[in-house]
């Protein structure tokens, strides 16, 4: 007998006996071991981990859980357990030691004491958890779980002992021993064990809801909050969502509320607290103030201004606050990762035990229970790893989400306070990118960040274990891996260059397509589509070529990686065998090494990626830091001293726009008395708006002082409109007061506009006010200010964008002495001279200084800058006829006689220019953005695109719904879409890809089976030739694998690129063939989205997805095949496992797809709201509504998290379920291998090592297949546009028979012609008939909407006839090909559209004219001098939309186009506001001389241009009312033409 150990003495019996426990057919543990080690392990676990429980108590946001059945039961059973244990202790003193013959050992006393202490602690937590609102405790669950599991051996021991005692008692022995102590222990233990099982059961559920919660818990709260520990680690609480998503596509209302811990309200204060500490550390401050821990003071979080306090020590970085705020959870997650990593390495060790077990089967079979133990152990290890990894990823995602929330909100708050100089440094797009790209980077990185320490750890451990198996030969394998890294790095950098190149091409293509779509109408009129289509497809060809190169590189990377594990094992085994004759490969060595090499593969792949990611994130950190450290507006720019006499006072102010040296405003002194109206006038660029900005505090004050008293309202010069309803834009966060609201609407002349809008004032306005005219935006902006009811009003030229009569109305109703604002203090920047006599005071600005001030009458007497301004202004000719009369009246009352002469002259000049288009001017009309078209308001030109009035009106009629809403796909994708894609790929290539992938897997299995064969072959030890043969064939297998893999990758990539090329070509061709109504109803952005994002998805995303999906699918297949070869009985288990897998996958895909859609829908509002805020920041600051905007932004972020969080959980939910399926495969593969009497250790090793990989593979398979389903939607969307309605054929066979010079005479005949814009709309022309002989000049006049433009569109068949016909030179145009028709007519359109490219390409895109012809056309269109002056002449690059030419020049380019084509029929859609009078005369002259023998149809807006035409057509409501020569019509005073001429002062 070995001498006693301390534990033996402690128990009074043997502690450990290996012959009893291990070397036996029937294993058992000693009672001492059962009562010490197996009881104390759970207790120790509990004492160790209860720290976490205390931490949870401290962190809990809730309080006070009511007593429930569960908590009462827990209390009673814990007390029960305590009683039993105390009883045990008492009985030990009664029955043992002292007088009794049974000795009392330490165990009898200390065993119960340890248990009593533990149960007391458990008991303590029951009221504590109730008090602090903790509903479930993981530590307690684990304690009871371990306790119950580890007590099982003792159950067996006690039951056996009881049975033996009964046998002894039943036998008729003389002396029956006294078993009372043993019997007592038996009874007490089983009651105790039953109680413990009940406690475990009770701990599977969570407690009731707390009564006091920090945040209100709604009925829609996330179940996770009150889920039990068990439900949390298995994610059972997510089942309801998965089920709901499986039954119906999820909608936004189905989502749960956000967990309070992840909301902005919880995340922000912590982050702000650490950020402010960090700012203070980096910027030395004069006074040190201690800051309280961050609180949400009425919902506001304040971030300190890094610039605001004292000297700078360095940049305040976001990193320290991030560590401090979120480091705790991150470290907790990292702890999980550490455990998981260690467990990974336990698996190969168990694998070697299993192989050892099978190897010994022939010679010295081991007892069967060991085999089962190993299999179960493998399963348990894999399962623990599954649960731990799920928790790890979950923690990382939470950290990522919180960091993103913190950064987005921090950036948002900063953007509201950044100074104008700092804002100029970056564009709005760049600032939005900080949020969209840089903050997102953090989120993507957090998951992988732990690989920084985990990868080296994994590699190090793997090498250690490999060294034990193979000795120094491992280094050879390692060398191969290390050589792979730079090789891959090199390929990766090449791929990157190609990607950049591809992006450039893509941008170019999208830019060109954007232009094509913007100018599609012009392209159709000129029949120029083929030329532009060719340009786009040429760029696309280059793009595909770059993608092809990338594909070859990608294939080579994948070749390298598929070869890597193989090469590594080949090199290692070869080195091992060839360095020493004695070295032999055993099965154990082979499979353990392969398992270990597999583990290394992942960290090695991730390290290079991780480095790149970290580098990118560092760039992001730098960019965010730069932004958060930039200058803020100085709040002291404006004082608010209430004791000053007037509400607005500036004294000797010098101001600049943040550039130190450049002073924009000098010596500004002005005061605005209470309730006065003060005007600021001056020429363009004299600093009028800057004065307003200075009052707002937006400009840097260099010296002097600004003081304002009272609340401000501000109307900026460029109206800032939010993407919200009209009403929300006007209310701007104020409560809705119907009476006041209606007064404001009427005063601002918005009533008619609102009536025209589809949903009245609840119509949603697109971003940047896209569906409003400039005038409407300006009036809404003004209405916002009026409704706001402030004390001071700063109006920056609010009347520039509206028509004269509307301007007058607004001035009288709102701004002027009788308006709604008469009792407010107002500052008005204006160009309108008409209103100046009614203001209290006028300040005249000149070159950034106030040159004079006074009332209207005073200033006219001064004859200073003001008088110059008047004359200058009149010569600009911006005034209406009626205004000119009024100005004349006002002047004759006030002005000096010597001033009157030049002013009279100016007025005369202006009058000749005045517009004579007799559009009935009503407010509704100004809505259409036409209004009075001759007020060429210089500044407004760029904003107010004269949205063609008629078409807008028509669109509005269709239910006010102009733009069809985009269908968000729900549910699955039809098979037809897949079929369509496979067809585009090509059947042959699809099959080839499949076959190659299959071959790759076959070779891989082959090489592994060859290895088993080799390791089982005993002859190799003596026969080196045989060994070399094995080695050679193994190498060949590997090489074949690599080739198949490369082939598979290449065929897949090239075929999918062919597909995306075909698909794009078809898509684009179809879009070019769409009739123009398609472009009216479909927003350009949506078409571009299909052509950029969806096509990009086909180019880049789909091939990788399909590749991954295929390889994982084949890998799963291979696993099943291999396991079934080695243990055929495994097939029986496959079916049920397959079912589980299938259901998990279906549930997941349905839910996850919809969640991802919802998430992307809720993500864009964050960025668009931010972009909107950055553009309107001065308005937001003026109205001091920053807090409301911050709250809106926070809500949008939270809403995005609401969609994002469940989709992350869905991944974990799936991972746990799938990995458990995989773990079952491991269990059965190893169990069957052990129990099935399998004697070939190689096959067993093979099947188990395949099974070990299957968990990851299954997971990837579902991910990839669901990604394919998500991305195939792109194919669906493209297919949808590939099937839209097309216009008539461009070319017909019959066209070729027509003479080259058709139409030779230019006779045009309309017979009973009718036309409508779209199906279901009213006719626009209702039976028009007239005849024009060749060479006649005809003018077409009529009010807006009479059908003038429709006539020309019908001539070009842009809109097809609904009855009747048009005949040109005897040919019915409906029988011609569209290009034949359109290329034989010429039009000079109303808005000149130019495309980016050379001047030459803009005149002659098909390159058919000679240089002489082009120069001749330029000379006739008066552009020759301009073109000669350009350095590159005809090759002069024109920028997008012709921005680098003036509008007049663009109009002349269009004239030159017409001269080049010179067909018999010319249509002139007269340009309205684009050209000045001179240019206009030139154009008229040229047309008269050059087109004298052509038929010319002119749509006239100014009657004087058509007075000399042969005939005039007067249209009204789609019918011809008059058709005769102008003289004839003018002789008849009753004619409509006569009244128009009278209006225009022509008669």
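Just so it is clear, glycine is given a Cβ too, placed from its N, Cα and C backbone atoms.
The model shown is predicted, which means the values in this text are computed figures rather than measured ones.
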Which range of 18-36, 37-55 is transmembrane segment, per TrEMBL: 37-55
Range annotated as transmembrane segment - as stated in TrEMBL, picked from 281-300, 301-320, 321-340: 321-340
Range annotated as transmembrane segment - as stated in TrEMBL, picked from 165-185, 186-206: 186-206
Sequence-remote partners of the transmembrane segment (1214-1236) [C-beta within less than 8 Å, at least six residues beyond its ends]: 234-235, 354, 357-358, 368, 371-372, 374-376, 378-379, 382-383, 386-387, 389-390, 393, 1119, 1123, 1126-1127, 1129-1130, 1133, 1137, 1140-1141, 1144-1145, 1148, 1152, 1243-1244, 1247-1248, 1250-1252, 1254-1259, 1262
Long-range neighbours of the transmembrane segment (1116-1144), counting only residues six or more past its ends (CB under 8 A): 1001, 1004-1005, 1008, 1214, 1217-1218, 1221, 1224-1225, 1228-1229, 1232-1233, 1236, 1238, 1240, 1243-1244, 1246-1247, 1250-1251, 1253-1254, 1257-1258, 1261-1262
Mean predicted confidence [pLDDT] for the domain 'ABC transporter' (648-872): 85
Positions on the same chain near the transmembrane segment (321-340), where near means CB under 8 A and six or more residues out: 267, 270-271, 274-275, 277-278, 385, 388-389, 391-392, 395-396, 398-399, 402-403, 406, 442, 446, 449-450, 453-454, 457
Long-range Cβ neighbours of the transmembrane segment (109-126) (under 8 Å; 6 or more residues past either end): 10, 35-36, 39-40, 43, 46-47, 50, 53, 71, 74-75, 78-79, 81-82, 85-86, 88-89, 92, 137, 140, 143
Residue numbers, six or more beyond the limits of the transmembrane segment (559-578), whose CB comes under 8 Å of its CB atoms: 466, 470-471, 473-474, 476-481, 484, 487-488, 491, 584-585, 590, 593-594, 597-598, 601, 604-605, 1000, 1007, 1027, 1031, 1034-1035, 1038, 1041-1042, 1045-1046, 1049
Other parts of the chain folded back onto the transmembrane segment (186-206), taken as Cβ under 8 Å at six or more residues beyond its ends: 70, 73-74, 77-78, 80-81, 84-85, 87-88, 91, 135-137, 140-141, 144-145, 147-148, 151, 154-155, 158, 161-162, 226-231
